[in-house]
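See structure below.
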Amino acid sequence: METELKPIEWKNHKLVLLDQTRLPNEMVYEEFETAESIWDAIKVMKVRGAPAIGVTAAYGLYLGIRDATENSFEDFWKELKKVSDFLASSRPTAVNLFWALERMEKTAIANNHLDVSELKNVLLKEAIKIHKEDEITNRKIGENALTLLHDGIGILTHCNAGALATTKYGTATAPMYLAKEKGWNFKVYADETRPRLQGSALTALELQLAGIDVTIITDNMAATVMSQRKVNAVIVGADRIAANGDVANKIGTLGLSILANYYNIPFYVAAPTSTIDMKTKTGKDIPIEERDPEEVINRFGQYTALKNSKVYNPAFDVTPHENVTAIITEKGIIREPYEKNLKDLFEESKIG
Ligand SMILES: CSC[C@@H](O)[C@@H](O)C(=O)COP(=O)(O)O
């Protein structure tokens, strides 16, 4: 098995995605050339994780307008907006999807004086820029996060906020890759993350391939490892952070934050500023995706409950900002009062 996983690649004028639904057993790379197939890849989670969805959607938008025949900007814009709105309907929670599409739209508007063919090239360049920036951003998140950690630490993480959820390093896992580079001795506990098992199938896989000491636990074992003092910090990613610091992330994150607070363990959220949605006031305003009940009751083609069972399957939950020790971004570490400090960060960094 290859040791460096490449979740997203732009190659020979096509988008190549590592099909994450087949991990950890098979490494299958699939090529994409249409917005429709990319919409489907996001929906069925061949590609998943907030930053990775954003990067994929940016390429998807380019692929959706690449063969457009419109000559005037006005007609081209109508087509572009149609493709953008379509891609935006693939998944509702991770704000990076909307952030990347908006950035592509703004790029089109800023270059509306160009020939449509030149404009298409500018849009491809912007998608590639979004892709490349993600790697740099994650490394910076890792460097900032490392200042809060120490050699010998035990870290618990949930879902996959790893390299597979981004383009490299991940967000929650970025300090782990950097700690490994520094030769630190540390242990990671990866929650299995029911129902789709991103923790065991993806996080444990990528950390193991990187030679990082990772132990899988089922979600209901988190309290035990915390009570046994095996964990000194919890680090998770985020799908959307509201302006007041409330964090939407993979279902189960809220429970972990409550446990971490009970056991006095710092609870960190590692995310790029593109995951912070200043237009969403609080966690209550974040749309939470509900997924197919089959994810809960059908495991690997076998029912584990009666087929007609009633099932509730929210894919994300919201952790109130009171439970978050710090939000680690590429631009710095943010603490309470989140509303003020996030506002200052956006104003000082001139984001948005
Ligand atoms: C850096 S990825 C952050 C989040 O997107 C991640 O923690 C998560 O919840 C992923 O959910 P998924 O449903 O697998 O897309």
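Yeah, the Cβs are placed from backbone N, Cα and C, and that goes for glycine too.
TrEMBL: automatically predicted annotations, no manual curation.
For the substrate site, TrEMBL gives Arg48, Gly49, Ala50, Gln198, Asn249, Lys250; the one candidate out of Arg22, Arg91, Arg229, Arg299 that the record lists there too is Arg91. Among the recorded positions Arg48, Arg91, Cys159, Asn249, Lys250, the ones whose Cβ sits under 6 Å from an atom of ligand 1 are, in sequence order, Arg48, Cys159, Asn249, Lys250. Long-range C-beta contacts of Arg91 (substrate binding site), restricted to its own chain and to partners at least six residues apart, with a cutoff below 8 Å, comprise Ile42, Lys43, Ile53, Leu97, Glu289.
Same-chain neighbours of the substrate site beyond Arg48, Gly49, Ala50, Arg91, Gln198, Asn249, Lys250, judged by a C-beta within 8 angstroms of the site's C-beta center, are, in sequence order, Ile53, Thr93, Ala94, Cys159, Asn160, Ala161, Ala165, Gly237, Asp239, Ala315, Phe316.
The distance from the Cα of Cys159 (site 'Transition state stabilizer') to the Cα of Ala50 (substrate binding site) comes to 12 Å. Closest by Cα distance to Asp239 (active site, proton donor), from the binding-site residues Arg48, Gly49, Ala50, Gln198, Lys250, is Ala50.
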